[in-house]
Amino acid sequence: MQAKKRYFILLSAGSCLALLFYFGGVQFRASRSHSRREEHSGRNGLHQPSPDHFWPRFADALHPFFPWDQLENEDSGVHVSPRQKRDANSSVYKGKKCRMESCFDFALCKKNGFKVYVYPQQKGEKIAESYQNILAAIEGSRFYTSDPSQACLFVLSLDTLDRDQLSPQYVHNLRSKVQSLHLWNNGRNHLIFNLYSGTWPDYTEDVGFDIGQAMLAKASISTENFRPNFDVSIPLFSKDHPRTGGERGFLKFNTIPPLRKYMLVFKGKRYLTGIGSDTRNALYHVHNGEDVLLLTTCKHGKDWQKHKDSRCDRDNTEYEKYDYREMLHNATFCLVPRGRRLGSFRFLEALQAACVPVMLSNGWELPFSEVINWNQAAVIGDERLLLQIPSTIRSIHQDKILALRQQTQFLWEAYFSSVEKIVLTTLEIIQDRIFKHISRNSLIWNKHPGGLFVLPQYSSYLGDFPYYYANLGLKPPSKFTAVIHAVTPLVSQSQPVLKLLVAAAKSQYCAQIIVLWNCDKPLPAKHRWPATAVPVIVIEGESKVMSSRFLPYDNIITDAVLSLDEDTVLSTTEVDFAFTVWQSFPERIVGYPARSHFWDNSKERWGYTSKWTNDYSMVLTGAAIYHKYYHYLYTHYLPASLKNMVDQLANCEDILMNFLVSAVTKLPPIKVTQKKQYKETMMGQTSRASRWADPDHFAQRQSCMNTFASWFGYMPLIHSQMRLDPVLFKDQVSILRKKYRDIERL
């Protein structure tokens, strides 16, 4: 028994010694190898590897949390080839591994929200018109601040758009100029806009200076160099791209079937040599001269004749036969191949023309790909499968083509029709990254009216907006809040405001009534107000200005708002009918008093008219129903300059609201019934409400029209000839068969 114990102890000791020798030898060899590498690197002056690189394997899980610069310098691993090391060191962006979590300071945005600071322009620095438009769009936005201490994001005033060294717009010595900025901080929380980078012959994406930890809003950026959740891919746009507004899409009506004269078209340069030449040189294989027109020309550049091939003369001749605009507007699909760079002007041209883009640019990070689902608006092709493009697009069902075409128009008008929209979309994407808890989802970005008009600060629930009831399977609100704007003192029980209050309160759809007291006289006593079945809340305006009627009051508990002037004359039946109509069109303004706009050729300006014509483009908010979200948009989206103008004139607030809603919906308001007179004509002439009789009042409204159109960059108002009346309205049938029979007597 004792012998067995001795043998067991001896065997255990031997095993321990063997294990100790084995692990000790491995560690000794590793340390010797490590010391030799250190000695070798020391002799060659190489960077000493960090001790963190020799942590045990279980530390690999901590890799995502390493500092970005430490990860960036990890080029001394034993498994990295010399070629990989050279490629890493020659990367166009030294901060290639930057992400919002590692290269952005969120603390700057917590205190003052998302504010953007633009550096003051330096004397003697040339700035291209396109970059001036970008800076103007930022400075005119609600994000702009002139105080750098309040800023969350910084934008250079130095022109970084064109970094092609052969371009006359190229800014020299940009590296030293940027480094001298006292707020640069290695680019942290900075945004750099760029359209062109690199030059002949390779057109790399190097912008020519160290961007540090700055974000890039860049055109023609490749997926290889694009830093997800950090950079923003923007479209390539020309110097003639409008600063604000922009033309609407060219799709005026939907044709069924949605096929045009040409199936697939392209007209552009053919590069005979160099980068981007492979695809365009092969387009002639697909061109059939009938419904597939892919036209190229060799006539560009100074030395094109030196490189011309046997096809150039034939291509040049056929190229001149067709008008590009005619092709563009009569084609179902438009080919968008890469050029010298990945992006192309053809991309935006196809979107505007409702020609479905067929992308043929491998490795291009499509514009705003972080939020836009391009599969709903474009066909993503592969340069290597060029010959399969015709058969692929011919196999697309007509229903799908119609949906693609409609989506091109939405995306064009929502995000691409002006420099301002491109810039604001870029800023909104960055803001969503910072405040992820209230960021917009894919449905908002890819469905009308788009991410620029749906402000997540209002609500994180889509059902609180008037645009998504059908998507969510929700019914429109069943109740409304009446908001009566009172500006005259209450001196008689027969005043129109009291009659209006009683009529609105009797509506079966009325939840409450809010009286906004903007009168200079003190509030009347409670017993002066009539008794009603619904609550009546009187709010005394602090500033007593016109814009206060559109403030997003917390007292408004319903989504629907019935906006009323104090001298409006409406019956309960008229209120009920207008509300039932609004339930079918919750995103629009629905009401009674209609007005119109027109273009005055003699004065070359917009005009305003209250004449009774066969069409209208505005429904005044003195007797109208709309969604309360427009109160929030009016207050937080529109610039202070327009609201200050309205307050100073005590006029035009209803016109501005119509501009806003039409700009959002791209639709006209809706007039109900043929009622024309909606004002009480017996109001005292000493009251503020008699401003309608003031001769200057009409002239002011003419001026407002042009000021508003100037800010929007275009005329958003849309004419309509539709009027909605009750079923059987004035038909020769029994009055008992009519639901809104009282309307016929009014």
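Including glycine, each Cβ sits where the backbone N, Cα and C put it.
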Joining K267, K269, Y271, Y319, Y324, R346, E349 at the UDP site recorded in Swiss-Prot, out of R243, R248, R280, R384, is R280
If you consult Swiss-Prot, the disulfide counterpart of C652 among C519, C704 turns out to be C704
Candidates C298, C334; Swiss-Prot says the disulfide mate of C312 is C298
Between the binding-site residues K267, K269, R280, H300, R346, the one whose Cβ has the fewest other Cβ atoms within 10 Å is H300
Expressed in Å to no decimal places, the gap between the Cα atoms of R280 (UDP binding site) and Y203 (protein binding site) is 17
Among C103, K269, H300, C704, i.e. the recorded positions, the one with its Cα nearest that of C334 (disulfide bond) is K269
When each of the recorded positions C98, L166, C298, E349, C652 is scored by other CB atoms within 10 A, the minimum falls on L166
Cα-Cα, C652 (disulfide bond) versus Y271 (UDP binding site), nearest Å, comes out at 56
What DSSP gives for K269 (UDP binding site), in three states, is strand
